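*Asks:* In case it helps, Swiss-Prot gives these features for our protein:
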| type | residues | note |
| --- | --- | --- |
| BINDING | 12-18, 40-42, Arg304, 330-332, 412-414 | GTP binding site |
| BINDING | Asp13, Gly40 | Mg(2+) binding site |
| BINDING | Asp13, Glu14, Gly15, Lys16, Asn38, Ala39, Gly40, His41, Thr128, Arg142, Gln223, Thr238, Arg302 | IMP binding site |
| ACT_SITE | Asp13 | active site, proton acceptor |
| ACT_SITE | His41 | active site, proton donor |
| BINDING | Thr298, Thr299, Thr300, Gly301, Arg302, Pro303, Arg304 | substrate binding site |
Amino acid sequence: MSSVVVVGTQWGDEGKGKITDYLSEKAEVVARYQGGNNAGHTIVFDGKKYKLHLIPSGIFYKDKICVIGNGMVIDPKALVEELAYLHDHGVDTSNLRISNRAHVILPYHIKLDIVEEDRKGANKIGTTRKGIGPAYMDKAARIGIRIADLLEKDTFAAKVAAVLEEKNRLFEKYYETDGFSAEEIVEEYFHYGEQIAKYVADTSVVLNDALDDGRRVLFEGAQGVMLDIDQGTYPFVTSSNPIAGGVTIGSGVGPSKIHHVVGVSKAYTTRVGDGPFPTELDDEIGDRIRKVGNEYGTTTGRPRRVGWFDSVVVRHARRVSGITDLSLNSIDVLTGLKTLKICTSYRYKGEVLDEFPASLNVLAECEPIYEELPGWEEDITGVKTLHELPENARTYVERVCQLTGIPLTVFSVGPDRSQTNMVRGVFA
């Protein structure tokens, strides 16, 4: 039995999809455990670039089971479209399994997300407007609709009708906009349910059977630790738990069966949407990193905010997620910068903070304390081992590991799979 969790250590977009795809070669089962189609990951397979939002990146390997776990919220329309996209590109999806306990995103969730963000104006959270938060709200309020319900038309119709009594009043009275027809939703979305029914299973059984049989299971996190609803920069967070602890809840696998947690990080920091960002760069260096690193959201297309590497953030991620291994990505993007900076701690009213504060008011007044390191000019995009890196690049990587307290397992020097390099194995 061997299991590995891949989590983002920052605010998402760290390159988890590529690392998951890379580690998928050794895995026999790949599972997602939280989030929905608000997550976007780009995978290069057989020379082709694919963008996925719901389906695990292991789908390209016919011999690997891919699981959408119970902790996810699924937009059936988006899922059917993503399946069609894969089929159009000749990808066999018969290895997909969808949890019958996962909750469903319906049109009223998406509309609620949009009108509420618009209502907040300047105080908006910066959601992807995909209905993720409202779906998780219904789940917590115990009025959510699950995949198992979607497949039973009478049950589905009764639940939608009951929920819309409240939702339509909310739309019409509070938001002063049109509500929805229960009949139209049921007809459209039951049809989507019919198209995905063959993939639906009790995925907790699938995953535990695989682990008990000694198979290698890879759990693929979405977003990042700093977007975790409990451990992130609340309220500028997602509505689920991307941390490794979310695996046990979102997949139905007990904590004793988790062995390695790979924390994925860029060699700098990015963030999409609103919220605090202590090391943000609003200058030419930030613009350069954004351009060279192609820092635009897979899901939203929005320019990502860019900043220096923040070891306070990644140490926080290590602690709350039990990270055992570091995957450091996009080192090549820093090539050509004369001086590099790493945030080692924060200064708050004369006090040095080594740990990430919970209060956003405190965080807003924190100034990053930087350590400066010399940059490098050499092209590193073809490097295969740490020893091949220029001395300054190697020193930078080593310092990141020292400041975060996480040993290096993987590093990448470019966007392609061939530019991802393993330092030590994670699967037994």
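Just so you know, glycine gets a Cβ as well, placed from its N, Cα and C.
Because the structure is a prediction, the values reported are computed rather than measured.
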*Asks:* If I take the Cα of Arg304 (substrate binding site) as reference, which of the binding-site residues Lys18, Thr128, Ile331 has the closest Cα?
*Replies:* Thr128
*Asks:* Which recorded positions are spatial neighbours of Thr128 (IMP binding site) here, meaning Cα within 10 Å, out of Asp13, His41, Ile331, Val413?
*Replies:* none
*Asks:* Three-state secondary structure of the residue listed as 'active site, proton donor' from DSSP?
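*Replies:* Reduced to three states, the DSSP call for the residue listed as 'active site, proton donor' is strand.
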*Asks:* Nearest to Gly301 (substrate binding site) in three-dimensional space, by Cα, is which of the binding-site residues Gly15, Lys18, Gly40, Gln223?
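*Replies:* Comparing Cα positions, the closest of these binding-site residues turns out to be Gly40.
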*Asks:* Would you kindly give the Cα-Cα distance separating His41 (active site, proton donor) and Lys18 (GTP binding site), rounded to the nearest Å?
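*Replies:* If we compare the Cα positions of Lys18 (GTP binding site) and His41 (active site, proton donor), the gap is 8 Å.
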*Asks:* List only the single closest residue to Thr300 (substrate binding site), chosen from the binding-site residues Gly12, Asp13, Asn38, Thr42, Val413 by CA-CA distance.
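*Replies:* Going through Gly12, Asp13, Asn38, Thr42, Val413 one by one, the closest to Thr300 (substrate binding site) is Asn38.
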*Asks:* Using Asn38 (IMP binding site) as the reference point, find which of the binding-site residues Asp13, Ile331, Val413 has the shortest Cα-to-Cα distance to it.
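*Replies:* Sorting the binding-site residues by distance from Asn38 (IMP binding site), the top entry is Asp13.
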*Asks:* Hey, what's the Cβ neighbour count for Gly15 (GTP binding site) at 10 Å?
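*Replies:* Gly15 (GTP binding site): 22 neighbouring Cβ atoms within 10 Å.
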*Asks:* Calculate the distance in Å between the alpha carbons (Cα) of Pro303 (substrate binding site) and Asp13 (Mg(2+) binding site), and round it to a whole number.
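*Replies:* Approximately 12 Å lies between the Cα of Pro303 (substrate binding site) and that of Asp13 (Mg(2+) binding site).
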*Asks:* State the Cα to Cα distance, in Å, between Gly12 (GTP binding site) and Gln223 (IMP binding site), rounded to an integer.
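*Replies:* Pair distance, Cα basis, whole Å: 4 Å.
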*Asks:* Measure the Cβ-based neighbour count of Thr300 (substrate binding site), defined as the other Cβ atoms within 10 Å of its Cβ.
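*Replies:* Thr300 (substrate binding site) is surrounded by 17 other Cβ atoms within 10 Å.
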*Asks:* For Val413 (GTP binding site), what is the tally of other C-beta atoms lying within 10 angstroms of its C-beta?
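*Replies:* I count 26 other Cβ atoms within 10 Å of it.
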*Asks:* How many neighbouring Cβ atoms, not counting its own, are there within 10 Å of the Cβ of Thr128 (IMP binding site)?
*Replies:* 22
